[in-house]
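Novice: Dropping the structure in here first, questions after.
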């Protein structure tokens, strides 16, 4: 959580406007001397963190739908889907912050092992999704599909299965370390949601049920599971053994002993609180926005293979209204949870600061919902909202604990 703070200015800052293009027809480049030879300096602009107006489309966005002009490096970047791995980082960070609010303890080793394992599970999710969409024909002409890039469905399938096996082993280790069976059960439910979402014979995403499954998997299931893993059975045993030896020497201190046992009972089994449930609902919503917006530019291909995603059913115009309703609901629930005191006021305040990012998502989708060349970027703006909102939520939980100590 602390490591994410230095990147907040980069995520929030709006890039400066580019210099106006030259009016002359011919452009010259200034040659640079390097190792005795002339080299022409050429720089490729970074993609903007803030969407531009429709009158100033970026070259990258303008070519999103033109597969023939996309470089192999761009295809590999899209196939890797690195920004999507925030869906592994945010539930873990928020769940750990909720546990810290409850106990005041943070287990760094657990955190990084679970993070690595979760990223492997997300890798399985992405690779197997490409495999089964290739089987149904949805991705046969999608050049950024891993199957099409590698040229082998079998290799992709093996890589997906190995990633799942290694990731699940890491999650089992974390649950055993925590000594809480609830965590591994919830993780298993989350992975099961991912399986029935895309894998045969279920393929519930083809019935338009991907969004509910995504909400449940990354919200209540994953976030709560990671909350339960934030304890150590070895630390708990050490504390209880020390207290047990103390009570044998000081038999008259039975009342203080009971009080101490109540204090450390949270280490034995973390209670399921309204705070972690409220936080998990918000995390599930922001994750679902990413999946929903990823369908905008795939409607024609999905309809051709019978994949009845929500946007295939309702169309892009109605879908843009759904995005607006979802963003408004997100911040309404945030306020409601704050008023009900299930979330600390620090969470409400910090998460409210992400409102401009939410407005950008709404405006961008409403402006470009019927433009396949631009709407491709909508899911990446949802990723930024998801990451910023998750950081603000986790930081608010941490500050609430620090305020209680003070």
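Note that Cβ sites are derived from N, Cα and C of the backbone, with glycine treated the same way.
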Novice: Look up transmembrane segment in TrEMBL and report which of 28-47, 48-67, 108-127, 128-147 it refers to.
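Specialist: TrEMBL lists transmembrane segment for residues 108-127.
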Novice: Given 82-101, 242-261, which one carries TrEMBL's transmembrane segment label?
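Specialist: Of 82-101, 242-261, TrEMBL gives transmembrane segment for 82-101.
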Novice: Go through the chain and flag residues at least 6 beyond the ends of the transmembrane segment (155-174) whose CB is under 8 A from any CB in it; none is fine as an answer.
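Specialist: For the transmembrane segment (155-174), the sequence-distant neighbours (Cβ-Cβ under 8 Å, at least 6 residues beyond its ends) are 110, 113-114, 116-121, 123-124, 127-128, 130-131, 146-147, 183-184, 187, 191, 229.
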Novice: For the transmembrane segment (82-101), what are the same-chain contacts with Cβ under 8 Å, counting residues 6+ beyond its ends?
Specialist: 1, 4, 111, 114-115, 118-119, 121-122, 126, 218-219, 222-231, 270, 273, 275-276, 279-280, 283, 286-287, 290, 344, 380, 383, 386-387, 390-391, 393-395, 397-398, 400-401
Novice: So what's near the transmembrane segment (108-127) in sequence-distant terms, Cβ-Cβ under 8 Å and 6+ beyond its ends?
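Specialist: Beyond its ends, the transmembrane segment (108-127) has Cβ neighbours at 81, 84-85, 87-89, 91-92, 96, 146, 156-157, 159-161, 163-164, 166-171, 173-174, 177-178, 191, 194, 198, 222, 226, 229-230, 232.
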